[in-house]
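Q: The structure follows.
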Amino acid sequence: MSLSSSSGQSSLSGAISFGPPVATPPPFSETLKRLAKTRSVNFSKTLKPLIAHVSTSNPSSTGRSAVGASMVSMPAVKPSMLLDFETSVFKKEKVTLAAHDEYIVKGGRDLFHLLPDAFKGIKQIGVIGWGSQGPAQAQNLRDSLAEAKSDIVVKIGLRKGSRSFAEARAAGFTEESGTLGDIWETVSGSDLVLLLVSDAAQADNYEKVFSHMKPNSTLGLSHGFLLGHLQSLGLDFPKNISVIAVCPKGMGPSDVDGRATDVALGWSVALGSPFTFATTLEQEYKSDIFGERGILLGAVHGIVESLFRRYTENGMSEGLAYKNTVEYITGIISRTISTKGMLAVYNSLSEDGKKEFEVAYSASYYPCMDILYECYDDVANGSEIQSVILAGRHFYENGGLPAFLMGKIDQTRMWKVGERVRSTRPEGDLGPLYPFTAGVFVALMMAQV
Ligand SMILES: NC(=O)c1ccc[n+]([C@@H]2O[C@H](COP(=O)([O-])OP(=O)(O)OC[C@H]3O[C@@H](n4cnc5c(N)ncnc54)[C@H](OP(=O)(O)O)[C@@H]3O)[C@@H](O)[C@H]2O)c1
């Protein structure tokens, strides 16, 4: 994921401007008041209807111009597909979320005794790669299987000359015990291959991986990125292997012997997941990559950088500007949103603060939505995946070009100020609510819904 951070980040930070907005969305408070009049409003549920309302195709109802409305008109939302699954090993439960039924399997140590059944026929699980996922997944699998008294071998497979051999050995995986070895020998000797090398490496090596896998074995992914790449080339996974995924969300899509779902559930339970629910690989990669660009890697960084510049150019001290941007968003606003919801941020402001919030919210909402549309389109049409793959190739000598390593995010003026600020004040200072930053941040979150 780290490979892709730079492209998403720069595209969003460049797009948020504070000039006059092309079309002004309804003020946050007015929209909420109107919603409160027209339906019984539980405010924690108003945030989604707010967006649905903004995107109406009847601009006169909101008093907005047709230009503004058409700029942000939403594509027709397809009814969400029913993601049910069958399991003969685990207990499935129905949960209802936002009026949709979903099925989950709750995890827990008490289910470890079911792992041998879930992994029936599997003698070796090959964990390929030792980045952020490989070490965690391999060690959790090894421990859970040991607790289940299973004799399935968890073996790490690494490329020749990999510096990760030393780290894997330190974690107790060794060549002597048959739990550490060459990447290709591990792929071809495993019944379940967890492909946890970087997404760019998956895109560059998938043919070799497929050709080394045993017929009827199972490929496990932790991201739908490879599917997105194959789709962009008009290709698909081989038909003689099962393909499953266990990500923060996701398992599917193909199953050669009818056992893939239970293997995926076993894998998830063995990793210690508290809940497992079904989605498709395609939904997984689209929502995951878009979400990363829209919030995690791109937008939040773009927002704090641009607000920091705005505040300091308008005379705010650097230290205060850092506090009112980075610390505010990662501190009190995140804590308020995750414990009380987005509306609580607005409600906690003074009357003057609410006005400032609304100015910032109105100026930012449409620019955010505009760039989020671009991010979504780029993910959905494969351009983003392609740019990640190309960026990944810059890290190595390539076609006569020298390697061009990824730059560090913390080299800008804002992060240098942050280093100084953090070293001179006590930890845990959540700071006051700063209304303008709150308005921009909430607008971004709302534009993404
Ligand atoms: N769903 C999630 O929340 C989530 C979170 C994180 C990751 N993931 C997914 O998990 C997978 C692994 O991600 P990660 O972050 O753990 O790993 P990563 O840091 O992206 O990749 C690290 C591993 O890839 C190996 N690698 C890189 N280029 C290679 C090549 N050309 N040939 C062979 N190996 C190569 C590295 O080998 P060396 O050890 O030799 O350097 C290292 O072991 C990805 O699909 C990622 O999207 C999902």
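Each Cβ is built from the backbone N, Cα and C atoms, and glycine gets one as well.
A quick note: this is a predicted structure, and the numbers were derived from the prediction, not measured.
Okay, these came from TrEMBL:
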BINDING   ASP288  Mg(2+) 2 binding site
BINDING   ASP288, GLU292  Mg(2+) 1 binding site
DOMAIN    105-309  domain 'KARI N-terminal Rossmann'
DOMAIN    280-428  domain 'KARI C-terminal knotted'
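Each of these features: where is it, how hidden is it, and who are its neighbours?
A: When other Cβ atoms within 10 Å of the Cβ of ASP288 (Mg(2+) 2 binding site) are tallied across all protein chains shown, the result is 22.
All protein chains included, GLU292 (Mg(2+) 1 binding site) registers 19 other Cβ atoms within 10 Å of its own Cβ. Secondary structure at GLU292 (Mg(2+) 1 binding site), as computed by DSSP, is helix.
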Q: If I take every residue in the domain 'KARI N-terminal Rossmann' (105-309) and average their pLDDT values, what number comes out?
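A: Value for the domain 'KARI N-terminal Rossmann' (105-309), mean pLDDT as a whole number: 92.
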Q: Under DSSP, the domain 'KARI C-terminal knotted' (280-428) has how many residues in helix, strand and coil?
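A: Its residues divide into 115 helix, 2 strand, 32 coil.
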